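Encoded as structure tokens, the structure appears first; notes follow it.
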Amino acid sequence: MNLNYLDFEQPVAELQQKIEELRHATAGSEVSLTEEIARLEQKSKELTEQVFSNLTPWQVAQMARHPHRPYALDYIKTIFTDWEELHGDRHYHDDPAIVCGVARLEGRACVVIGQQKGRDAKERVYRNFGMPKPEGYRKALRIMQLAEKFNLPIITLIDTPGAYPGIDAEQRNQSEAIARNLIELSNLRTPVLATVIGEGGSGGALAIGVADHVMMLQHSIYSVISPEGCASILFKDAGRASEAAEAMKITAKDLFGLKLIDEIVPEPLGGAHRDVPLMMSTLKQKLITNLERLRHVPMTQLLATRYDRLMSYGTYDTAPVAKSA
Amino acid sequence: MSWLEKISGSKLLSAGARKRNVPEGLWTKCESCQSVLYRAELERTLEVCPKCGAHRTISARQRLDHFLDAEPRIELGNELGPTDPLKFRDSRKYTERIKEAQADTDERDALVVMRGQLNGLPLVVTAFEFSFMGGSMGSVVGEKFVRGVNAALEHGTPLVLFAASGGARMQESLFSLLQMAKTSAALAKLAERGLPFISVMTHPTMGGVSASLAMLGDINIAEPKALIGFAGPRVIEQTVRQKLPEGFQRAEFLLEHGHIDMIIDRREMREKLYRILSMMTHFAPTITAQN
């Protein structure tokens, strides 16, 4: 099994391996297999298209958590220039699970806030697997207020399994840190543009996700609880995560259909990590277009629209029901 | 059918079942100190054990009934009922769970909102019904709370919350999550107008409810020993793989760590909140001359 590929991608992996072997075998020899290789590559592409045209929500969740997927700092360093990271909540600590800073997008100054997972084992521990603590959310809030003060638009990149469920996090009031960001973001006087780039894990994601425009990468997920968590509580079996993923409607496509997000950012065939430069340029273009649009909306209108959107979330029945005797 | 049922018919068994039901209504046991308590007395003490002071679960209606003056009272948003936008089904259908919760509690969802007065001081009070699917917050809870905020804005009154919730309602998935943002945004309007919001966190106040409306009080209050936190103790234990400290996430722990302003015994809630609110709103009752 090729570990670069997820289990449902294995047919593609096998084909790719065959192509590699052919290339290797013909290197330096007089026999040309160019045509055969081209034919197989076409077949591989078609197979990938076929696999990816019909991913289940659980497969999408695996894509969203793919260890090769670009993380916030990868996007920040490619899409933006003049990135200067700003550290610390000014009270307690600097949380490496959230990165904040100023940068330029096509020359225009802005603030970027992202959740950062680690690439290797050491960095994963350092970044706490992308699970922020209260000081991370308080750092984000400080930088958001800085953005408001200096008229800089805010771009957030969401990628977290959730806010950290730990003793220290509770001791420093994780709940309040998240709640504070929700209330402050709801009327922050600067445009906010949020993108889920991988995992949008519950309140920990929403705490940097209240925005004027919310986008999701095609193979990202956004949910109230992880599929595993939902499975273990409601299905009484964490192994039934795939069913929970299905039931909760966590994919970009489903959430766009429910009008809970505004836009889907398409990913390269096979996922963001298969063609990182293409992914970068697609997202960059979407950020520029949306920021340009939001920049021209008068502040009172921007805030009123943001508020109305927040108030529109929810579905309920308004028909009075006669109480049964 | 067992031989006993055969010879006795079903009469004996159903009589036994009835017998068990009668004393249950009259007497109950305190889970905390094991004392046997008289039901009628517990109602007078607002479900607080007179022996050990343990605060038991109280229904939203009983809470409001005691807290508000008898007149006037206007219930808000009781025409709102839950829907099943995702056709959600786990081991059971969401619609079935709703129906069962409605039958058990006689409420349409997990929040009751009323406009009324506290010793003549006009206010809006919102209370979670914990018996309704663990007081979980879905679309209806979010919308009803917002209507409570809007009523407070319209009449220029304070808002009080009695929270009791396991968190967001999973069966409404992202709709539930977004109620956190919705309720918090509404509270920003209240803050802009300088109207007080008092949050009383009762046992338990967790997850999405604690991480949004419940922690945003101008004054945050808890009932004694209430469990309050973001992540549940079991999840934390699994994550950190160590035993949780004694009293972790209890009201007293939160007070010590500076998360809440005070702990108030339920039996003194009315009096204390009136004292605080009357100062915050500069409320002076109109005193009628006696002679």
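A Cβ is built for glycine as well, from the same backbone N, Cα and C atoms used for every other residue.
Quick caveat, the model's predicted, so the values are computed rather than measured.
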Annotated stretch (zinc finger, per TrEMBL) among the listed ranges B:30-52, B:122-144, B:145-167, B:260-282: B:30-52
Long-range environment of the zinc finger (B:30-52) - Cβ separation under 8 angstroms, sequence gap at least 6: 58, 62-63, 66, 265-267
Chain-mates of B:Cys30, B:Cys33, B:Cys49, B:Cys52 with C-beta within 8 Å of site centroid, Zn(2+): B:Glu31, B:Ser32, B:Gln34, B:Ser35, B:Leu37, B:Pro50, B:Lys51, B:Gly53, B:Ala54
For the binding-site residues B:Cys49, B:Cys52, the one whose C-beta sees the most other C-beta atoms within 10 angstroms: B:Cys49
Most crowded position, judged by CB atoms within 10 A, among B:Cys30, B:Cys33 as binding-site residues: B:Cys30
